[in-house]
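Data first, discussion second: the structure below is written as structure tokens.
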Number of protein chains: 2
Amino acid sequence: MTFVYDFEQGSKDQKDLLGGKGANLAEMTVLGLPVPPGFTITTEACRAFLEQGKEPDGLAEEVSAHLAALEQKMGKRLGDPEDPLLVSVRSGAKFSMPGMMETVLNVGLNDRSVQGLAAVAGGDERFAFDSYRRLLQMFGSTVLGLEASVFHEALDGLKADRGAKNDLDLGVEDLRELVATYKQLIHDHTGRDFPQEPREQLDMAVLAVFESWNTERAVLYRRQERIPGDLGTAVNVCSMVFGNGGQDSGTGVAFTRDPASGAQGVYGDYLQNAQGEDVVAGIRNTVPLADLEGIDKASYDELLGIMATLEGHYRDLCDIEFTIEHGKLWMLQTRVGKRTAEAAFRIACQLVDQGLIDEDEAVSRVTGAQLAQLMFPRFDAGSERVLIAKGMNASPGAAVGKAVFDSSTAVEWAERGEDVILVRRETNPDDLRGMVAAKGILTSRGGKTSHAAVVARGMGRTCVCGADSLDVDVKGTKMTAADATVISEGDMISIDGTTGEVFAGRVPVRDSLVVRHFEGDERAEDDHLVLAVERLMKHADHRRRLGVRANADTPEDAARARRFGAEGIGLCRTEHMFLGDRKALVEDLIVAGSTDEQEAALSALLPMQRDDFVGILKAMDGLPVTIRLIDPPLHEFLPDYTELSVSVALEDERGNRDSKHHKLLDAVKKLHEQNPMLGLRGVRLGIVIPGLFSMQARAILEAASALIKQGMDPQPEIMIPLVATVQELELVKADIIRVAGDVEDETGVKLKFKVGTMIELPRAVMAATEIAEQAEFFSFGTNDLTQMTWGFSRDDVEASFFGTYLDKGIFGVSPFESLDREGVGALVRLAVEKGRAARPDLHLGVCGEHGGDPDSIHFFDEVGLDYVSCSPFRVPVARLEAGRSAADAISDTA
Amino acid sequence: MTFVYDFEQGSKDQKDLLGGKGANLAEMTVLGLPVPPGFTITTEACRAFLEQGKEPDGLAEEVSAHLAALEQKMGKRLGDPEDPLLVSVRSGAKFSMPGMMETVLNVGLNDRSVQGLAAVAGGDERFAFDSYRRLLQMFGSTVLGLEASVFHEALDGLKADRGAKNDLDLGVEDLRELVATYKQLIHDHTGRDFPQEPREQLDMAVLAVFESWNTERAVLYRRQERIPGDLGTAVNVCSMVFGNGGQDSGTGVAFTRDPASGAQGVYGDYLQNAQGEDVVAGIRNTVPLADLEGIDKASYDELLGIMATLEGHYRDLCDIEFTIEHGKLWMLQTRVGKRTAEAAFRIACQLVDQGLIDEDEAVSRVTGAQLAQLMFPRFDAGSERVLIAKGMNASPGAAVGKAVFDSSTAVEWAERGEDVILVRRETNPDDLRGMVAAKGILTSRGGKTSHAAVVARGMGRTCVCGADSLDVDVKGTKMTAADATVISEGDMISIDGTTGEVFAGRVPVRDSLVVRHFEGDERAEDDHLVLAVERLMKHADHRRRLGVRANADTPEDAARARRFGAEGIGLCRTEHMFLGDRKALVEDLIVAGSTDEQEAALSALLPMQRDDFVGILKAMDGLPVTIRLIDPPLHEFLPDYTELSVSVALEDERGNRDSKHHKLLDAVKKLHEQNPMLGLRGVRLGIVIPGLFSMQARAILEAASALIKQGMDPQPEIMIPLVATVQELELVKADIIRVAGDVEDETGVKLKFKVGTMIELPRAVMAATEIAEQAEFFSFGTNDLTQMTWGFSRDDVEASFFGTYLDKGIFGVSPFESLDREGVGALVRLAVEKGRAARPDLHLGVCGEHGGDPDSIHFFDEVGLDYVSCSPFRVPVARLEAGRSAADAISDTA
């Protein structure tokens, strides 16, 4: 095993072995770019060190050999008292990682070589001692473990003593004194002297980098980001070049194109007579990179040439760190640069046009998250605003309207044309109409997976939730901010769902051109960004294997989903159809004392349900519409048990005994469940309440029948929720088949429909083979499957322990946001295998919220689902990610 | 494929092919016993018929061939007008199954052969027409599908008309008329005549048996009993013999030994001049079988010889049906006979003594369910009793005591030496002390898996639950039965947990000798039953691979479990230790506003917890004790949210505002969860509340340390509940290891303990490999695992839909009673494989209620767990079943 590679020996594809920084240094070296010579100690050496608890055998010898070669190349010896070779020691893991030791510069300096450095720098003792004190400071804090503040305090003390404003005001004698002070501090804190031997400095710095892999912060970061703990870091040892040797020297950063817009040109900053850390410290202002042309045209031209080489070579925007030492340009680092969402789309298309990448690669260069960013309206960047609170960024976008504190007011005001923001402590299903009517939703309680957040994301409504510094007084129709600002009903507020900010008053909003384009607004078509998005979406659609459907419960949502590119509805929930005006009928159904009363309520609901389905099937004419029979526990349609108990008790106490309320309370009490999520719901309702599911099936099939008569092509798929065992499905399916026969007989129309099931219980996963014998399709309900697999309920856990779990790195991300591949994902994979074993053409989809999550979409593609279904607003995101996943798969097998 | 076998061609081991009845008829025939000749049409023929929807090719020809052979053997032709061969047609599946067509006798009779039958019966026309009308009746109702009542009404009408009291009073002309009436009825109901052609009768009867496999009742029964739906039934065609041809004829049943006690001797009944169905109809009284010696000594002696042969051959108690036709003995059926629990144990030992079976076989002949029956006290069979209600048999036994309606009264009265029965509408954790104090528990609500039922079974307390005809008035300290009987506090009642019956007054109780023996009562040792139980238990212990531990939370339970043979504690719950006097401290802990207050509460709890663990570890000295850190959601220690809301609202209304109650309500509200089962509990509590788990770990380890100092050998195993991911376990385990180091330092005692986890979430199953890297043992919490896998909560579902599900055969048995092998069991198996892949010596147990369920125990043995843990009273049952499972495994591989 080789532990050390010269920069000449590596390439950019060796990030696993050399880390990101080392691989790119090697790549530039091999390209013939001016990189200061050096070598990289591999991640394997680090892993061996961590496993064995000591420096692995052979490492010291290899370092010696590469160091000797470096010395020969540079014509200097490390720390030579006459003319010292100095090196930087930098960590460089595969993934960049906060918390790890980063850099020690000027290794090789000691009490003697500092004089040599001064001599070769033309007697510049100040420069030499400044370099030495920097080494002591960095080595002391990062290698020897002293608090950085120990050095800062000494420096500040000295400056105060000398009346110096900044470091440059200190003279050579001051720095000499500072060096002595630093050495004393190191001795006091560690009990030993700063190592004077240059090679010992180097070895200690290397091991310190290795050890920093396991600092608490690095471990926590890896846990949160799900980076494996056993990768280890590489160490880059690079000969020093100095940008602070005079006016013919300097340091800078450059981008090969504009990271904000993607436009080609010269972007970056330059600082004359300075080192990188001075730029960070902000001692002097940088100048635009273009100004370098006037300062040092030769270096400038060389740099532009190198930038073109790098972009052509990396076939992407690169960012670059460079130093000029006495007119000689040195490349210190390069990497593929970060960029804005807009730039990402535009750059990808430009690179295709330049012939640098193909369209598959272009699609893989942009992300669904970036597209989502481009789809939300945003507050105008330059405008004034008054921040009054900050909550969680639950559903992105920018919304402005009058604050209202209850759903009826929201509906009423919206109907007369006002923009409103619905403000609640928390929301529940009763607030649905208000949420639909509002431009945005603001709550003071609940996390990113609270009712408000989930429903808002589903509808594409802007939402800020859990803004707990706001005191929301629903009865008093006002809220009070922490700074005592009071917002009353009708006052204008603005909420930013992308940042979680809440502003008093109206903040100007910019529309999303991309959405206007998806909505069919032709005026948006000529925009550069829209053109880029359109082009990559087209290619993604062309590439993707995975279908994309939408979750939609109304004809309006269905129509929008279709405009956004949905190829059907993957989840049409029917419970929302039982709210509003129909709530009284549903109450009758539940409170019904006799079968007759139940049947009467069902008969009254039938024509309404039929109309619902006619609307939706019409909007999706010719495309499949998966309709889920009613799922939630019945008491969701009744008043809250505790609230009703209190109000009935108070009525009684006041002598206003109301027997109707008592009857209702009895019903609520009877239906009250300790754990409604684990209670009488889904298929269980269908089996226990005779006629409920058949009513729904009849409504669907009568709707389909009517549309067929009108010459349309409805494609209903009836979906049974919460199935655990094939026996449940058998019973319900037999009933649906019977109803279908009846409807065909009555209408004389031949029906075409499917019957399938949700897979949302681990039990259903284990029984998937048997279930697939009865089900024509599976739709994975990954919300419930996540709840059951982990044994926690979305409604309860966010507030109580998700925060702690995310902080401690038990989750990298909430398993409700992104599919937990190891647990829930493994069950999905198992169900796919078991289901297809029984029915090879079993149609498979997913309709949980994960259907719109980029990472999860790649997983669903990988395990072979046929489609994902997500909220209409996520449909373009899902199309893009499905395309990216297919493009990745093609390049993987290429 | 051969579809038909003569009785000479089969054997008792061919039940799959020939059905139970056919296989045993063949076995007797081959043994040379006098079986009327006949043949069996196989289950394969039935399956072919059901698959193809028509008689399979070749069947008719085979039947013809076997019928011809039978005719030749008997010297008669089927339905010959002169001297007809008559046959019976009987179904016979592998498992006996209600709802299937059972028997048509006298096939072959028609308008002409009835005369022939009379002629050969010495001109006995009455006998011949009686036989004919029986054929019409049976054929009409079972083959042609008429309601049986149609014939009964005609018969009753005729008898009324003739003034006849019973069938025997009808003369030959009456029967002739009845035959005509029956034929007319058949014509009227089916539109065609009764088939006169004998072969057509036979073929129709055979197909009717095939079709009866799929009657609704048979399908439902199979679903409930989990009998595969595709086995099919065989059909037995047997030449008729008649026991009703005179005084030298008759019919009877015999047992080779007493099915009640197992004693050897002559047991059975005989009815002279009669057929089997007359015995059932109870027209005349039977005589004891021994009387046959005086009636027909030759047949009697022959029968006794045959009984000895059969018992020797089947090596078990057999029951037998026989007929004597004019002094000639015929065997119509035999099978291994049912017996009481007591007889099962005694017979098994006797057969070993007779050298007929070995001890492995003897152990496999008795069941844990039978042992459990023998362990409960029972009401004296002969005594008088007044039944006032019937509920569910939730926890077996017989309990007598004074009715009390709240826990404090139960405790108070029990302390002064009274026997009490705790009566509640339903119980909750607050009732625990009352349940411990009571002899039995009676509730008017909740099913077999309600809190009352589960806890009672765990404690071995008699419990009747869900006696919903009782109106329990807790405030009024009385209950009212459906017949208006009022039981007030202090009135004596008796409850039978084995039958679910509730009696007013005192019913005398018989103790279980077996329990007295287990408890060490030497006076019980000479009893025959006790000797048999002891002998088989000893062999079971010798054979079993699976260890048996007990679930016990107190030193008393631990000591009893040890007397009952437990080899350690598999589940010591710590939440019960937080009730009673300590509740105030726990409330402080939960309501605590600051870390200081929390720490104070924890410090106060520490010495109490330590004492708890000292007691339990002492009682189990030298054996492992698995202690589960606190699991339930915290609000279980606080008042009910709704009740408290109402009482606080009423206080406010009355102007008695109590700020302490408001503060408590705020805390309850804050901790209130929609789905507490899926909320902040288990390891989540340990991670979110700093110091809670470490306090418990410290208490355990300090207790162990103190006992080691006293020279004992405590073996604590610390178990973390509700782990979903290895990160949780890592965090908690690190904390425990740290505490252990501290305790070792403080006490100077070297500790020996294990840290492991429960596997009770599907997520933990999927991650079992990673978890096993941190866990030294897994204990399957199959209660929670069942809840999460199926997505239903034990507390909620029994009342709302379990009844319907059991009725409809969706479950054969509640998955909380017996492990659901296909779903939950498959997950257990997966976790075993995954866990052992990471740690081959991973110790595996189960501590859910299934640990005491016989069928589940066999499963746990099969998948390779190391032990089961169950309530102390189930320990002997588990030992026996573990032995049976091992004996089965040995005989399977032999």
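Glycine is no exception: its Cβ is also placed from the backbone N, Cα and C atoms.
Copied over from TrEMBL:
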- A:His451: active site, tele-phosphohistidine intermediate (ACT_SITE)
- A:Cys847: active site, proton donor (ACT_SITE)
- A:Arg573, A:Arg628, A:Glu760, A:Gly781, A:Thr782, A:Asn783, A:Asp784: substrate binding site (BINDING)
- A:Glu760, A:Asp784: Mg(2+) binding site (BINDING)
- A:16-53: domain 'Pyruvate phosphate dikinase AMP/ATP-binding' (DOMAIN)
- A:59-285: domain 'Pyruvate phosphate dikinase AMP/ATP-binding' (DOMAIN)
- A:294-344: domain 'Pyruvate phosphate dikinase AMP/ATP-binding' (DOMAIN)
- A:418-500: domain 'PEP-utilising enzyme mobile' (DOMAIN)
- A:535-882: domain 'PEP-utilising enzyme C-terminal' (DOMAIN)
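A simple way to gauge crowding: the CB of A:Gly781 (substrate binding site) has 28 other CB atoms within 10 angstroms, across all the protein chains here.
Neighbours of A:Thr782 (substrate binding site), defined as other CB atoms within 10 A of its CB across all chains, total 29. Separating the Cα atoms of the residue listed as 'active site, tele-phosphohistidine intermediate' and A:Arg628 (substrate binding site) is a whole-number distance of 20 Å. Proximity of A:Asp784 (substrate binding site) to non-local residues of its own chain (separation of 6 or more, Cβ distance below 8 Å) is seen for A:Leu722, A:Met758, A:Glu760, A:Leu761, A:Gly848, given in sequence order. DSSP states for the domain 'Pyruvate phosphate dikinase AMP/ATP-binding' (A:294-344), grouped as helix (H, G, I), strand (E, B) and coil, give 24 helix, 17 strand, 10 coil. Counting residues 6+ beyond its ends, the domain 'Pyruvate phosphate dikinase AMP/ATP-binding' (A:16-53) has Cβ neighbours under 8 Å at 1-10, 59, 63, 66-67, 70, 73-74, 87, 90-96, 206-207, 209-210, 213-214, 230-241, 306, 309-310, 313, 328-335 in the same chain. Figure note: comparing Cβ neighbours within 10 Å for the recorded positions A:His451, A:Arg573, A:Arg628, the maximum is reached by A:Arg628. Geometry remark: A:Arg573 (substrate binding site) versus A:Cys847 (active site, proton donor), CA distance 11 Å.
Neighbour count (other Cβ atoms within 10 Å of the Cβ, all protein chains): 18 for A:Asn783 (substrate binding site). Note: A:Asp784, taken in sequence order from the recorded positions A:His451, A:Arg628, A:Asp784, have a C-beta within a distance under 8 Å of a chain B C-beta. The binding residues for substrate are recorded as A:Arg573, A:Arg628, A:Glu760, A:Gly781, A:Thr782, A:Asn783, A:Asp784; their greatest pairwise CA distance is 15 Å. The secondary structure of A:Asn783 (substrate binding site), as reduced to three states from DSSP, is helical. Residue environment of A:Cys847 (active site, proton donor) contains 28 other Cβ atoms, counted within 10 Å of its Cβ in all protein chains. In this structure the C-alpha atoms belonging to A:Gly781 (substrate binding site) and the residue listed as 'active site, proton donor' are separated by 6 Å. The DSSP secondary structure for A:Arg573 (substrate binding site) is strand.
The Cβ of A:Glu760 (substrate binding site) has 29 other Cβ atoms within 10 Å, all protein chains considered. According to DSSP, A:Glu760 (substrate binding site) is assigned to coil rather than to any helix or strand. Note: the Cα of A:Arg628 (substrate binding site) and the Cα of the residue listed as 'active site, proton donor' are spaced 11 Å from each other. Taking the C-alpha positions, the distance from A:Thr782 (substrate binding site) to the residue listed as 'active site, proton donor' comes to 7 Å. Between A:Cys847 (active site, proton donor) and A:Asn783 (substrate binding site), the C-alpha separation comes to 9 Å.
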